[in-house]
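Engineer: Sharing the feature lines straight out of TrEMBL:
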- 1-27: signal peptide (SIGNAL)
- 33-74: region 'Disordered' (REGION)
- 82-257: domain 'VWFA' (DOMAIN)
- 263-304: domain 'EGF-like' (DOMAIN)
- 305-346: domain 'EGF-like' (DOMAIN)
- 347-388: domain 'EGF-like' (DOMAIN)
- 389-430: domain 'EGF-like' (DOMAIN)
């Protein structure tokens, strides 16, 4: 897998290196190729690196941080590692110098979060022989771990760096020794500290270690061979090879390793890509959340508006309607209008608006609704809106010439006064019975017969008119009496 291009050195780097540059015997960094601040490969499971040497508050990062104090406190937290120190304890390393190396290791431990689920540390001591001082699973807290480091003693002559790397690869970075598997995505990191030239072949061994996924940092002190450091370290070399002139200043590198192993907080740095809210989970991890009224989408970054209508948090008095934009609006039941607050409703006067649908009469109810009623002589139909005649004879709209007879709630028929008969239209009457009785059997062609017929007809008509007047008078009296009861 190709490795990212080396990060450019930043002006803040000068602040980190300034204490070293002021040392009387320190060589010009430019004259020593590969003399770089510590860094990492970035992603792909390796420890993260801060993008600049400027603290979050804008102040330059200090070159020599106090033990256990995080550079840029509040921004980052150490990420879990399987970390192995390979320390050179050959005869060229004097006892006091070896103590400085152990202090350097302890200070790096101080900057890490130590625990079974956090960073695990092992130490491999080497000279002409190799000794595993303790494995990754041996100690799970800082105090016991630092005490174990303090008990380490130098070995002997020789500098078998290749053998030390091979031993770490075969016997320390294993599941049996406490290393975590590839599925855990925990970086495997080795820091080699030496002051001499390897007496064995480190090139091929280091290449195999790097190919197995181990990230190698090489720290050279005093007489260390820069070319050998480069052969051991991972790419990019300017991020993995470091040199100090004496063991007296090696302790100051602990702050730079802390920066290297720091888990960046994307929420603080603004690189989280959360649409609404970024929540830090520690160890450089984070998760996204949404503002009230929204829900997190499947991409775990963007947010969509909740269905407030379904959640019943809309505040609408009657009806909540979701809009396509993810918002909502309130509406009212039929017969009501939305108030100015756009949530509550007031009853409409449908009777006044003329939208009631009542055939005869609309009556407003106190509840804001209404009901229909009918005129006198009519009854309300099952649809509660239209009306049917209850007694058409009483309404006087029947059309009968003489008499209207009710047959029920809505039907009737016409009848005639005595001496009259109902015509074919079922409404008007004719006095045809008397006329038939006046028909003479005499010869209608004779003059005497014609005159006699005319006299009889006239006499009969007079009698009929007299009877009719009497009947009408009685009817009027009867109707008058009914009206004035």
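Cβ atoms are placed via backbone N, Cα and C, with glycine included.
Predicted, not measured: the structure shown is a model, and the values here were computed from it.
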Engineer: What are the DSSP helix, strand and coil residue counts for the domain 'EGF-like' (347-388)?
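Structural biologist: Helix, strand and coil residues of the domain 'EGF-like' (347-388) number 4 helix, 14 strand, 24 coil.
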Engineer: Using DSSP, tally how many residues of the domain 'EGF-like' (263-304) sit in helix, strand and coil.
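Structural biologist: Going through the domain 'EGF-like' (263-304) residue by residue, I get 4 helix, 18 strand, 20 coil.
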Engineer: What is the average pLDDT across the domain 'VWFA' (82-257)?
Structural biologist: 92
Engineer: Just give the helix, strand and coil counts over the domain 'EGF-like' (305-346), going by DSSP.
Structural biologist: 4 helix, 14 strand, 24 coil
Engineer: Using a Cβ cut-off under 8 Å, which residues of the same chain at least 6 positions beyond either end of the domain 'EGF-like' (389-430) come close to it?
Structural biologist: 377-379, 464, 467-468, 471
